Amino acid sequence: MVEAGVKTALAARVESLGGCEVKAGEPLAPLTSVRAGGAAEALVRPRSPDALVALLKLAREEGVPVSILGGGANTLVGDGGVPGLTLKLPGDLFPEVADVGPEEGRLTLGAGAAIVRLINVMRAHALVGAEFLAGIPGTLGGAVSMNAGTKNGEAFRVIEAVEVATADGVGWLTKAQVPYSYRHSELPPGGVVTRVRFALRKGDVVASKAVMDADLGYRKRTQPLSQPNFGSVFTNPPGDHAGRLIELAGLKGYSLGRAQVSTLHANWIVNLGGATARDVLGLVTLMQQRVLEQSGVDMKPEVKRLGDFL
């Protein structure tokens, strides 16, 4: 179990490499949307691509586990904490690049930047095409790894290429080189997304803003965004909606410990204050079991689990 505030030999070793901000025994709950879970043995923010590669090389040589913490949305940290290295890429680690022509444009942003940054840069250059990503929490790196999206589109619809760091260096992969599917992508083993290039087009920015404003308004009305939250909890099964199935199973508003199935949207969990990762994971498991019993559907969690669960 990782103890908060305790500096281990690993944290000291990483500090000796230089080029990184290292926090030993750092509580991770404040860095996740659900505000639950334990601490990181070593939370590391690399200050350069070279420092990131050096970290990955150290981890490979010494058999140290590496976890990636993006924006903390849909991420559940175990109450026992996260051993090894927990990497968090700063949003400004890489410069933004805009290559905009008369009819189209390519935007390259760092993977540690929030998804909303893409939306803002897109609008600044009078580009359209990624409206469906507006309002999705998390980082661009997380959007790549989860192929984030809504009913109106998915990230890989507008991704042209991704840059990935491994212990052997940094290189670009085209979209064709990254297998992806609904809420999933397959990156090289041990790889960390560092930059993302988006292919967009010139268009009606007024209409684009209207679409995004409508989507954001709908989210605010139907999702528990004013509370520490976790969602969507499950991917939608083919031809149905996870929230409908959970509500049909009688679990909307159901609580386990201090975690509750949202009364606004049954495919979300909220932290009522003081919830543990055990509470949240127990509720996820219960939702899955009840829906299977009620409707015969084996729902797939849209959850990234990090660390040790007690």
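Including glycine, each Cβ sits where the backbone N, Cα and C put it.
What Swiss-Prot says about this protein:
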- 35-203: domain 'FAD-binding PCMH-type' (DOMAIN)
- Arg183: active site (ACT_SITE)
- Ser232: active site, proton donor (ACT_SITE)
- Glu302: active site (ACT_SITE)
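All features noted in Swiss-Prot, drawn onto the structure.
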residue	record	CB count, 10 Å
Arg183	active site	19
Ser232	active site, proton donor	21
Glu302	active site	20
Suppose you look only at the domain 'FAD-binding PCMH-type' (35-203); what would the mean pLDDT be?
95
Rounded inter-Cα distance in Å - Ser232 (active site, proton donor), Glu302 (active site):
7
Could you measure between Glu302 (active site) and Arg183 (active site) for me? Cα positions, answer in whole angstrom.
8
